[in-house]
Structures are given as structure tokens and as C-alpha cells.
């Protein structure tokens, strides 16, 4: 009776076992653990509990990777079938919603759990280094597995409800962010409202918010991990966090199953979504796309990838509104100062965040959209080099960043004295250059992965970039550069210069790799 329900899952698991990338992923995880172990061993003479320090690094790294996997790995489980117009084929073949969810979700959960399981024998070495017990390690992995189960079902839930992978990823990011930071946000917000006299500490709203904050705090993986990493930890491995995460995950899975047919009736897509661009209102007709420019690829990507003039207007209004929101939150938190200086500094910060987010999103989509809709081969057939076509697409994407660049320029003009003061000095200037070089590297990693993987290029790029930063900062060459002049500003600048040069070299290699991938586009 249950055999048809698990048929798709069995097939997916068998295919995953034969794929090299999952075995390569486990090998990379073990390699990272080995590097961290060597670092912990090298610092053992200066630490009271090197084993605890080693395991703490692994635990928090796992929490970060699980949160990222929910964004790129689980949130695309069902939406990828919708976007490839194959979900209805499953239904026509008699594969029901439960079988689809199990087949597309459970195999991914199994692959992610295997990454956790393969770590356990290696992390047990932390016991021999001192400061941590085997009981703590096992309790930590039980907590991580429960958190992974919850994150997987959050991603699967939004993948069922949303029609686009991007939307499912966005909702997953918001939900995971609220789970990890919700208790602190609620506590600070209620404290500020009570301090301002808007609420009373004994009122119904304040008491309800306190109860909700406490429940979220107890169910949080961060709270549980902090408790496990205490030397005096002696609690059962299955606590409230494990129970609540498992219960919430099951609830989300059942809810998604019940809503599956309602949200997935007639979901076929024969063309990419054009968003607001394809629905101009009479009053906003001037924002609709005009005739194509001479540079047709730049015109296409400006209107259909960045949102065109409509989203240019939205960004122009959104950035100052976010800046005012930050300013009012500072007032609530009793952060006083000259309102002009505060707003100009906030404007610089908000504009930088928006600009960085736009560049990262566009770098993950600039080639992926062409690959997904199988149009990259057509672009390769144009009577110009593929590199020229890529640069035309880049120009169209950069036009969407005009609002952020405009507001950033205004903010810099209004707070340039403070900015120059913070960047004054050899060390500060070199680290600023290093940050720019590594951000450019981040963009290249994202663009390259968008040509390699089907989904989740940006979350995977976060993992790859974080691994690169960790390895480059711990590299012997970087440490030697910093120790040439121990404790001086020149030593810090030398480390920054080394990292900037390394990031530039790797960016150049990735640029060449992207070019080679694009040159093979005619065969796609």
C-alpha cells in the first residue's frame, strides 16, 4: 500500500548515492574539520580547553550551514519542478502530493543528515583535546539534527506554497531569521515601548510578548547550543528545543501536504515571469518598457531582470524610508546625536546594504536565467563574441543599481568627514581595499556557481566564500605577513594586502573560468 508513496524517494536516494557531488561534499566537510583540528592543536598551548574551542567552532559553523541549506537546498525542492513544468507530469502519472513531497524532500534531508553524521567520529577527537565530553558532542548533534529537520520543512513548506524559487527562498530567509533573532528583537522592542510609556510591564500585550519570547528562546538552537557548550552541562540529549523543532517540522510538513493541491493547480510556466513590467497601470504607463535600445541585451536585462523603471522608482523611495526607520529605531533605543549626522551615516549604511544585496542577487541571476530557460545558446549565436554579450548583460544589470549608488553618494557627501576619519591610517585603508577585493571575489563565485548548479547558487556561494575566507586568514603566508612586524600597524596592513592580492588573483581565475563556461554555451 505504501510502496507507490515511497517509489520516488527510493529512486531519488539511489540517484544521489551514485552522484559524485554528494560524496565530494562530505569529503570537503571532513577536510574542513581536519584544518580546524590542526588550528586547534596549534593553539592548544594558549587555550585552557582547546577541545571545547574546537567543537564550539564546528557547532556554530554547522548552525550557519544548516540555515543556508534551508535557503538554497530545501526551498527549491518543489518549485524547481514548477519552473521546469514537470510537476503536472508527476500528477498525471498518478504520483500524489505526499509521494512528491517525500520523494523531493526526504532525500534532501537524508543527504544533509549524512553530512552531520560523517562529522561525529572526527569531532570526538575534541574529547582528547580536553574541555568537552562525548555526552555534550552527542547532545549537540541531536540538537543540530532537530534544527535541520525544522529548517528542511520550512523550506519545503514555502516551496509548496510559492511558484518561484526566489520567492520561496526569500520567505525561508525571513522565517529562519526570525527564529534565530526573534527573542532578542521582541525583548528589545518591548523594553523600548515600556521605557517610552507606550505599554505597561504588567499589561496583557507585554505579558503575551514575554511568553512568546520565552518560548522562542527555549526552542532556539542558539540557546540550546550555548547550554550544551557549558562545562557543567548534564541535561538529557532530547530537550525542549529538540521536541519543539521536531513538532514544528511535522506540523509544517502536514500543513504543506494539505495545501499542496490548492496552491499547485495549473502552475505551468511557458516563459519567465515579467513581474510588474508586464502589468503597467494607466497611471504608471510611463514606467512601461519603451522600444528596445540599440543595446538590446542591456535593455532586456534592465527591464526584465532588475525590474526596469518601476523598480528603479521603488528603490528610490525605499532607501530613504529604510533610513528613517533605522533613525526612529535609534530614537526608541535612546541613541542620541546630531540628527543630520545620524541620518547621513544611516543612509550610507542602508545604501551599502541595498547595493551589495542587488549586486549579489543580479550576479546569481545574470546567467542562471539564460541557463534555466535555455536561451544562453541563442545568445552565443549572436554575431559578436560571447564576452561582449556578457558585458552587455552586465551593463543592463548595473543600471538597476543607480538608486543605491545615488543615495550612497548623497550619504558620503553628507558624512565624508566621519568616513575619512574612520579610514585614516595605513591599516584601515588596506583593510578597506581588502574588503572590496573580497566582495568582488564573492560576486565572481556567485556568477560562476550560477552556471554550474541548477539552484541555490547564492547560498552555496556564501558557503564557498566563507570557507575561502577562513582558509585564507589561517594560511601560513597570511600569519607570517602579519608577524613580520608583530603588533604594529604595518603588520596588520601586510595581512590585509596579502588577502587583497589573493582575492584579486582568485577573482581573475574565476573570471577566466566564467569565460570558458560561456564559450561552451553553443552546445547547451
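Cβ coordinates come from backbone N, Cα and C, glycine included.
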According to TrEMBL, which stretch among 291-311, 312-332 corresponds to the feature transmembrane segment? 312-332
For which of the residue intervals 109-131, 201-223 does TrEMBL record transmembrane segment? 109-131
Name the residue range among 272-289, 344-361 that TrEMBL annotates as transmembrane segment. 344-361
Which range of 138-161, 234-257 is transmembrane segment, per TrEMBL: 138-161
The residue range that TrEMBL labels transmembrane segment, out of 28-46, 85-103, is 85-103
Three or more CB pairs closer than 8 Å, sequence separation of 6 or more: does that hold for the transmembrane segment (138-161) against the transmembrane segment (344-361)? no
Sequence-remote partners of the transmembrane segment (58-78) [C-beta within less than 8 Å, at least six residues beyond its ends]: 32-33, 36, 87, 100-101, 104-105, 108-109, 112, 116, 119, 123, 126, 140, 144, 147-148, 151-156, 158-160, 165, 168-169, 171-173, 176, 180, 221-222, 225, 228-229, 264, 455-460, 462-463, 466
The transmembrane segment (109-131) touching the transmembrane segment (397-417) per 3+ Cβ pairs under 8 Å rule: no
Where else in the chain does the transmembrane segment (344-361) make close Cβ contacts, counting only residues six or more beyond its ends and a cut-off under 8 Å? 306, 315, 318-320, 322-323, 326-327, 330, 400-401, 403-405, 407-408, 410-412, 414-415, 418-419, 439, 442-443, 446, 458, 461
